[in-house]
């Protein structure tokens with residue numbers, strides 16, 4: 001499919017601020033600085049759609065973007081940034097959990113992990129959280145331009161083992177820089193959402 005239009009709709013904290021038109025949603029979540037904003041901009045062909053911050057932990061709200069006027073891409077706050085207070089970390093966690101809890105229009109959650117590193121305890125917890133709430137999980141390993149083709153297999157094994165992914169889980173590797181395989185990834189993520197509309 002092609003992303004023909006993308007627009008920012010709202011930054012939300014409370015449930016009553018979420019869009020209520022019942023269009024399908026796909027949420028993106030990951031550690032601070034995993035490249036979440038960059039991948040959203042890359043997939044939507046809009047360089048400034050999601051704000052790319054040099055400061056980790058900057059995204060503290062839930063941002064809703066309407067794609068093709070058919071479905072929402074939802075940018076959840078980044079987690080795991082060390083230089084914030086425990087109170088602030090708890091607040092981010094509560095914001096994410098509030099969204100995941102009984103969110104009818106949410107069809108799948110994309111968990112982003114950095115392919116250069118072993119997934120953290122926070123990544124594992126997030127994966128378990130998403131499964132607990134009964135959503136389909138798609139795992140994308142970001143920044144794949146930073147490792148060689150020879151390292152891809154080793155990275156895939158480490159990520160799958162650490163997160164406890166099923167053997168048949170289709171782990172996707174992607175780089176927002178070279179955008180290799182972007183069209184296939186867009187189809188993989190969004191096609192079935194469009195079918196539901």
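A Cβ is built for glycine as well, from the same backbone N, Cα and C atoms used for every other residue.
Feature annotations, courtesy of Swiss-Prot:
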- 30-37, 57-61, 75-78, 142-145, 174-176: GTP binding site (BINDING)
- 37, 59: Mg(2+) binding site (BINDING)
- 22-195: domain 'EngB-type G' (DOMAIN)
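Here the features listed in Swiss-Prot are placed on the structure.
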residue	record	Cβ contacts under 8 Å, 6 or more apart
30	GTP binding site	36, 78, 79, 111, 112, 113, 123, 126, 142
61	GTP binding site	11, 12, 13, 77, 95
143	GTP binding site	35, 114, 115, 116, 175, 176
174	GTP binding site	39, 140, 141, 142, 144, 180, 181, 182, 185
Neighbour-count leader, CB within 10 A, binding-site residues: 33, 37:
37
Smallest number of other CB atoms within 10 Å: among the binding-site residues 36, 77, that is 77
Local confidence of the domain 'EngB-type G' (22-195) - pLDDT mean
88
By a three-class reduction of DSSP, residue 77 (GTP binding site) is assigned coil
Per DSSP, to which secondary structure element type does residue 143 (GTP binding site) belong, with helix, strand and coil as the options?
coil
By a three-class reduction of DSSP, residue 30 (GTP binding site) is assigned strand
